[in-house]
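For reference, TrEMBL has these:
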ACT_SITE  His136  active site, proton acceptor
BINDING   Asp94, Gly144, Tyr299  substrate binding site
BINDING   Asp171, His173, Asp260  divalent metal cation binding site
COMPBIAS  399-429  compositional bias 'Basic and acidic residues'
COMPBIAS  439-454  compositional bias 'Basic and acidic residues'
DOMAIN    23-314  domain 'Histone deacetylase'
REGION    375-454  region 'Disordered'
Amino acid sequence: MSQNRVAYFYEPDVGNFHYGVGHPMKPHRLSLTHNLVFNYNLHKKMDIFRPYQATAYDMTRFHSEDYIHFLQRITPTNKAGFASSFHKFSVGDDSPIFPGLFNFCSMYTGASLQGAVMLNNKLCDIAVNWSGGLHHAKKFEASGFCYVNDIVIAILELLKYHARVLYIDIDIHHGDGVQEAFYFTDRVMTVSFHKYGNFFFPGTGDMYELGDETGKYYSLNVPLHDGIDDQTYIALFKPVIQGVMQKYQPTAIVLQCGADSLAHDRLGCFSLSIKGHGECVNFVKSFGVPLLVLGGGGYTIRNVSRCWTYETALLVNEPVDEKIPITTDYYGFFAPDYQLCPAMSGNFSNQNSKSYVDSIRQTVFDHLKFVQSAPSVQMQDTPPDIFSFEPDNEDDNLDERLETGKREANNEFYNGEHDVDKTNTEKPHPSALSAAQNKPKEINSEKSKEKNTG
Ligand SMILES: [Zn+2]
């Protein structure tokens, strides 16, 4: 099997944003992940890019202008003057206004967008953006820690070149923002596996939400109960995805890898292990379809970083040692076992009985019968790529910053654990850095050849 070309997007500053004291969403998990990826030398197997930063214009490809304009202007110091807009745009509590909010959105959205553009132009087979996957954001408002829906924006970009895009969501929460955006079209099929019931956020995603009009049967939901384990989850995931792939035949896939479906997540109630979660990622990869891999939820940050590092290794086909490298800056986080994939028996017993799982599988397959085989579309003249790469995002200090993958971080993010703060002496692969600066410039000249594929 030929090696996949994997593009990995990492903005060194993205881990330095703070939602606020006590908030479960900690962007610092991205610094942990990146540092671990580097200490496992996985960067040598990928092209590393400091991503494009999305503009307000890019965001309004999906979101309303007044909402994005609000995100651009609001700061913790001026927010009193915007109090009347807080309710309208659903910000304040779960989705707080924190310093640099718009920059944070630009970074994670720009990386997903660049991943889509590079996949469209066949510059990589797999694009990875662990900072993305903020699946709850809606057209007019924030929701569930998500402000800008990078997934919808990336899928819109993929649709310029791809007739059918499959979206798969393994976060513990329903991928409601993405489903809603594409509810009326058969160009995007959304498949979400999530906890459903007992008012679990966001409260949507029962198995009879199927899409509507042209999109009817192109939204698929797999509602699950507490404590689902690897065996039960995979026994649903694989046949459902296999069935969708056979019927829908997508030409690109976006996979949201929310890690709050792992056992012991601070907000979750599933019992998946890292290996079980990773098996789903590997299964999706095995179809060999252009793949955009994104992060998502995940609130026990040592396990989030373990999971996404393990999954990066799977994506680049590289076996990794079970022992966390002692050179990792955040080694103390991984006590007491210092394992990449520790045993993780969950706190919740499996409430998904065999008869329940069988009934969901049957219902999903009944719905799949109505999916048209590889629905085709009349591809219109393709609008230009959403941005052209310019060399102006070169960063003289990138070498040094990628070297450590770590910046000063607020102690809040250490959760009381000790940071041993070792220095990583590995440098990123030189060709990766030159690729980051040069390769994207070729994109526009290739664009016209790739139109109307899929
Ligand atoms: Zn989630």
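Numbering starts at 1 and runs along the chain as it is shown here.
Quick reminder: no glycine exception, Cβ is built from N, Cα and C everywhere.
Curation does not apply to TrEMBL; its annotations are automatic.
Location within the structure of each feature annotated in TrEMBL.
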{"residue": "Asp94", "record": "substrate binding site", "Cβ within 10 Å": "17"}
{"residue": "His136", "record": "active site, proton acceptor", "Cβ within 10 Å": "28"}
{"residue": "Gly144", "record": "substrate binding site", "Cβ within 10 Å": "20"}
{"residue": "Asp171", "record": "divalent metal cation binding site", "Cβ within 10 Å": "25"}
{"residue": "His173", "record": "divalent metal cation binding site", "Cβ within 10 Å": "29"}
{"residue": "Asp260", "record": "divalent metal cation binding site", "Cβ within 10 Å": "25"}
{"residue": "Tyr299", "record": "substrate binding site", "Cβ within 10 Å": "22"}
Spatial neighbours of His136 (active site, proton acceptor), counting only the binding-site residues Gly144, Asp171, Asp260 and Cα distances within 10 Å: Gly144
Asp171, His173, Asp260 excluded, remaining Cβ within 8 Å of their centroid (divalent metal cation): His135, Ile172, His194, Gly258, Ser261, Leu267, Gly268, Gly296, Gly297, Gly298
Residue from Asp171, His173, Asp260 whose C-alpha is spatially nearest that of Tyr299 (substrate binding site), among the binding-site residues: Asp260
Pairwise Cα distance for Asp171 (divalent metal cation binding site)/Gly144 (substrate binding site) [Å, integer]: 13
Contacting recorded positions, sequence order - Asp94, His136, Asp171, His173, Asp260 vs ligand 1, Cβ under 6 Å: Asp171, His173, Asp260
Largest inter-residue Cα distance among Asp94, Gly144, Tyr299 [record-listed substrate binders, Å]: 14
Cα-to-Cα gap, Gly144 (substrate binding site) vs Asp260 (divalent metal cation binding site), nearest whole Å: 13
DSSP three-state assignment (helix, strand or coil) for Asp260 (divalent metal cation binding site): helix
Distance, His173 (divalent metal cation binding site) to Asp94 (substrate binding site) (CA atoms, angstrom): 15
